[in-house]
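Asks: Attaching a single structure in structure tokens format; questions to follow.
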Amino acid sequence: MSSIKIECVLPENCRCGESPVWEESSNSLLFVDIPAKKVCRWNSLTKQVQRVTVDAPVSSVALRQSGGYVATVGTKFCTLNWEDQSVVVLATVDKDKKNNRFNDGKVDPAGRYFAANRRSVYKLEKDEQIPDGMCIDAEGKLWVACYNGGRVIRLDPETGKRLQTVKLPVDKTTSCCFGGKDYSEMYVTCARDGMDSESLLRQPEAGGIFKITGLGVKGIAPYPYAG
């Protein structure tokens, strides 16, 4: 296995970064900052980041097969046109619960966009803290970001056995995805909300976007929403 390298490629200071998605056509990483109500797109070639602000906490973003993106904004499924920054509501749930919101969302292999307010989680070892966002590699193994654990771990989904642990210099790791050339890089989002000033001094890159290389495994392209 090659040597693992971890670097903060974007010091975004996300309050709660989530839902990283690689867009191969633009060599860009999409992600959201939930409480800041922002969808962001970081170009890995130019190193520039663009941001679109929406009207409610945005918990996930995904590619759309017909172009543009889809996102879960509050309790709404929406389309997002990046060029004119327009948002169109596709569907709304829990209309009677105005303080509710989606927690996460992802597109399945059939092109369906799933989102939920509560999630089932894997039972992890005591020191892993809270399992959060996850992705699958080309070998069918599961990678899980551990919130308050400062790490991503690789699991065998059939046996539950932990195969690999990668520690990061920030505690509140929230999600992960593969991207880059041949999907050989891993991108990890994290949060800084809830950290006191002393913790932020110890972890100045909290809220940034991290890239991990040298994992020795590749990922798969994200599935686009078919609608």
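Backbone N, Cα and C define each Cβ position, glycine as well.
As listed in TrEMBL for this protein:
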type     : residues       : note
ACT_SITE : Asp132         : active site, proton donor/acceptor
BINDING  : Glu18, Asp132  : divalent metal cation binding site
BINDING  : Arg101, Asn103 : substrate binding site
DOMAIN   : 16-115         : domain 'SMP-30/Gluconolactonase/LRE-like region'
DOMAIN   : 116-191        : domain 'SMP-30/Gluconolactonase/LRE-like region'
Asks: Within 10 Å of the Cβ of Glu18 (divalent metal cation binding site), how many other Cβ atoms can be counted across all chains shown?
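Replies: Result for Glu18 (divalent metal cation binding site): 24 other Cβ atoms within 10 Å.
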Asks: Fill in the CA-CA distance, Asn103 (substrate binding site) to the residue listed as 'active site, proton donor/acceptor', as an integer in Å.
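Replies: Each residue's Cα considered, Asn103 (substrate binding site) and the residue listed as 'active site, proton donor/acceptor' end up 10 Å apart.
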Asks: Take the domain 'SMP-30/Gluconolactonase/LRE-like region' (16-115) and count its residues per DSSP category (helix H/G/I, strand E/B, coil), listing them in that order.
Replies: 3 helix, 57 strand, 40 coil
Asks: For Arg101 (substrate binding site) and Glu18 (divalent metal cation binding site), what Cα-Cα distance in Å is obtained after rounding to a whole number?
Replies: 14
Asks: Express the distance between the Cα positions of Asp132 (active site, proton donor/acceptor) and Glu18 (divalent metal cation binding site) as a whole number of Å.
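Replies: That separation, Cα to Cα, works out to 9 Å.
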Asks: So how many other Cβ atoms are close to Asn103 (substrate binding site), meaning within 10 Å of its Cβ?
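Replies: Here the count is 17.
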Asks: Here the recorded positions are Arg101, Asp132; which one has the lowest number of other Cβ atoms no more than 10 Å from its Cβ?
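Replies: Candidates: the recorded positions Arg101, Asp132. Fewest Cβ atoms within 10 Å: Arg101.
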